[in-house]
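Student: Below you'll find the structure I mean.
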Amino acid sequence: MQKLYLMRHGQTVYNTQHILQGRCDSPLTNEGIEQAKRAAAWLREQNETFCLAAASPLGRAQATLDIVIEQMPALSAVPRLSMRGLMERDYGGYEAGPVELLPVSPWDPGDVAVMSGGESQAGARFRIAHALDDLMQSCEGNALAISHGSISKLFKTIWAGRARCEQDVALGNCCILVFEYDREAHSFSNIKIENPA
């Protein structure tokens with residue numbers, strides 16, 4: 001059965017400053033770089049082969065994928081995709097401001113950002129579900145996808161009813177969610193959540 005390795009990007013400057021990123025960006029910190037290296041080491045230990053590697057087009061996800069590929073040279077031989085569907089939620093006018101100004105948790109914002117130009121819960125759900133299904137349908141092996149915290153949590157929640165591992169796990173920077181993928185049913189089962197960093 002195919003597997004999806006869905007990974008959050010490494011720690012960024014905005015993460016350390018408690019600034020809401022969403023679609024805006026900030027660079028990886030030195031710790032974020034080391035987190036990506038530790039995550040790559042964990043991936044190597046799994047002895048999996050990948051048919052492709054994808055990342056959100058946001059710089060922090062692309063930089064994380066660069067580091068993983070540097071640490072896992074075999075990945076440089078597979079197709080690399082930049083997928084808008086893997087982007088973080090759009091928090092509208094709350095982005096680039098203090099996280100505390102968002103009246104709800106950024107991990108589960110519902111529709112609170114819609115009035116300030118952000119993305120709806122239904123829109124984010126549709127986007128990430130279809131992006132990752134399309135990704136897995138595009139190859140017949142395992143795939144690595146670098147994305148973001150809140151959108152990864154939303155994807156995990158979509159498939160919670162099929163999960164086969166503990167779901168109440170913090171999704172730290174460079175955490176890796178492993179899903180088995182059923183091509184016929186277009187469905188995912190979360191089998192592991194690893195925080196190697």
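Placement of Cβ uses the backbone N, Cα and C atoms for every residue, glycine included.
Bear in mind that TrEMBL entries carry predicted annotations, made automatically and left uncurated.
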Student: The substrate site in TrEMBL includes Arg8, His9, Gly10, Gln11, Thr12, Val13, Tyr14, Asn15, Glu88, Arg89, Asp90, Tyr91. Which of Arg38, Arg44, Arg60 is also listed there?
Tutor: Arg60
Student: Taking only the Cα atoms, work out how far Thr12 (substrate binding site) lies from Glu88 (active site, proton donor/acceptor), in Å, as a whole number.
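Tutor: Cα to Cα, Thr12 (substrate binding site) and Glu88 (active site, proton donor/acceptor) are separated by 14 Å.
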Student: Please work out the number of neighbouring Cβ atoms within 10 Å of the Cβ of Gly10 (substrate binding site), leaving out its own Cβ.
Tutor: 29
